Amino acid sequence: MENPSENTNQIRNQGHRSSIVEKVKNNLIFRSKWAELNGAMGDLGTYIPIILALTLAKDLNLGTTLIFTGVYNFVTGAIYGVPMPVQPMKSIAAVAISDADFNIPEVMASGICTAGILAVLGVTGLMQLVYKLIPISIVRGIQLAQGLSFAMTAVKYIRKVQNFSKSKSGSDRHWLGLDGLLLAIICACFIIGVNGAGDDNEYAAETESGANDASGSGNNRRKRLRKIITSLPSAFIIFLLGVVLAIIRGPKAVKGFKFGPSPIEVVKMSKHAWKEGFIKGTIPQLPLSILNSVIAVCKLSTDLFPEKDISATSVSITVGMMNLIGCWFGAMPCCHGAGGLAGQYKFGGRSGGCVALLGLAKLVLGLVLGSSLVKILDQFPVGVLGVLLLFAGIELAICSRDMNSKEDSFVMLTCTAVSLVGSSAALGFLSGIVVYLLLRLRKLYGGQSSSAICFHGNP
């Protein structure tokens, strides 16, 4: 005779499994196939230059990195149901490119150490506590600084010839040519013409008023034409154009393709590599990962997708788990990032299906082409990548427009200015905290009455 309690537990387990499967399906549903495909391109302006630079300068295993980041993309899309990006850890990448003695073992050791600390902060609940305590004005300052940094880097890509292997800008870019300034300007104008400012409700009022307006077929034709134009996958078209131009610029690279995945091997890390990785890589990367890859990305997710419950705890754990697995096999240390989320949202990404689609593309490229893909990426028009990065940076910076008081704006801009000039999100964060506390103390000890005209926002 069967035990009733066992039957009850089986039914509960089946219901729990079915609810998980249903949640994953809902997270991966496309709002629009073309829009999600377009959104998947929004993060490539940051991803490709960093990965390409490390491959050229430090012999990063591009095939292995594509395979692992492809899996990361798919899993995060299934878990969160939003276009959560997977980006290289920028501070670690910067050290690797600029320091001749900081090689792949040190890169992987620094990624593992950073991941371990983030995982501990997530599991213990400390990350969620930090998320709740940090004022929104400081988070907005970090987002604004990161957005402006992306935008300025993008302008540099557009204006100057780039040497990614040495992380240096060269001479001014020529106007004409397959990677000329004119090409980048045309691509930027095309994106603006198709996407505008990126407001989903941009034409909602016109459509509603048009339903009550019997002005004839002329307006209807214009509206149909506008609908066709705004439905074009602009970022995908631009990226496809870049691939075609890359093949034209370097036809010999295509002939030398070797199909098949790169060999995946465990990276050997000495005691010296662990020490150097932690000191030079983990210490400068950790504040950036906490502030931009966890705190800022959670705030931005709440702004863009208020119906989704994305906690700092879960994001911290997923960043930790990604690198605690992949870095042992030579995959570039990765994290989530507010800039990538803003970029994918800018170009139409609205679901986890957006990043899952990008993940499948990376996985296929890693398995089929492996490290041979670097020959094509090395010929990709950098000005075109700069255009994609420019709009991603602008979208992230625009998120700071919700500061309603002069006091909040003052804190935000202080944080932004110090972050940009000092090239350190941690320094900007500390400056923002100091200014925020000083303003609170000023109010507490009578500053409110004497400065009511200047600081009239909510405390």
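Even glycines carry a Cβ here, placed using N, Cα and C.
As annotated by TrEMBL, transmembrane segment applies to 66-86 (among others). Packing against the transmembrane segment (66-86) from elsewhere in the chain are residues 23-24, 26-28, 39-40, 42-43, 261, 264, 297, 301, 304-305, 308, 310, 314, 318, 322, 325-326, 329, 331-332, 334-337, 339-341, 343-345, 349-356, 358-367, 373: each is 6 or more residues past its ends and has a CB under 8 Å from a CB in it.
Nonlocal intrachain contacts for the transmembrane segment (107-127), taken as residues 6+ away from its ends with a CB within less than 8 angstroms of a stretch CB, comprise 54, 58, 60, 89, 92-93, 95-96, 267, 269, 273-274, 276-278, 280-282, 285-286, 289-290, 294, 312-317, 319-324, 327-328, 330, 332-334. Per TrEMBL, transmembrane segment is recorded for 107-127 (among others).
The feature transmembrane segment is assigned by TrEMBL to 133-155 (among others).
Nonlocal intrachain contacts for the transmembrane segment (175-194), taken as residues 6+ away from its ends with a CB within less than 8 angstroms of a stretch CB, comprise 158-159, 229-230, 232, 234-235, 237-238, 241, 245, 248-249, 381-384, 386-387, 390-391. Among the features that TrEMBL reports, transmembrane segment is placed at 175-194 (among others).
Residues or ranges marked as transmembrane segment by TrEMBL: 228-248 (among others). With a threshold of 8 Å between CB atoms, the same-chain residues lying at least 6 positions outside the transmembrane segment (228-248) that come near it are 34-35, 37-42, 44, 178-179, 187, 190-191, 193-196, 203, 254, 347-348, 376-377, 379-381, 384-385, 387-388.
Positions annotated as transmembrane segment by TrEMBL: 354-374 (among others). Counting residues 6+ beyond its ends, the transmembrane segment (354-374) has Cβ neighbours under 8 Å at 28, 30, 36-37, 39-40, 43, 52, 55-56, 61-67, 69-78, 83-86, 256-262, 344, 348 in the same chain.
The transmembrane segment annotation in TrEMBL covers 380-398 (among others). Same-chain neighbours of the transmembrane segment (380-398): 41-46, 48-49, 52, 143-144, 146-158, 161-162, 173, 178-181, 183-184, 187-188, 191, 195, 198, 235, 238-239, 241-243, 245-246, 249, 300, 338-340, 342-343, 345-347, counting only residues six or more beyond its ends whose CB sits under 8 Å from a CB of the stretch.
Here TrEMBL flags 410-439 (among others) as transmembrane segment. Using a Cβ-Cβ cut-off under 8 Å and counting only residues 6 or more beyond its ends in the same chain, the transmembrane segment (410-439) has close neighbours at 135, 137-138, 140-142, 144-146, 148-149, 284, 287-288, 291-292, 400, 403, 447, 455.
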With a Cβ cut-off under 8 Å, give me the same-chain residues at least six positions beyond the ends of the transmembrane segment (133-155) that come close to it.
45-46, 291-292, 295-296, 299-300, 337-339, 342, 386-390, 392-400, 402-403, 407-409, 411-416, 419-420, 425, 428-429, 432-433, 436
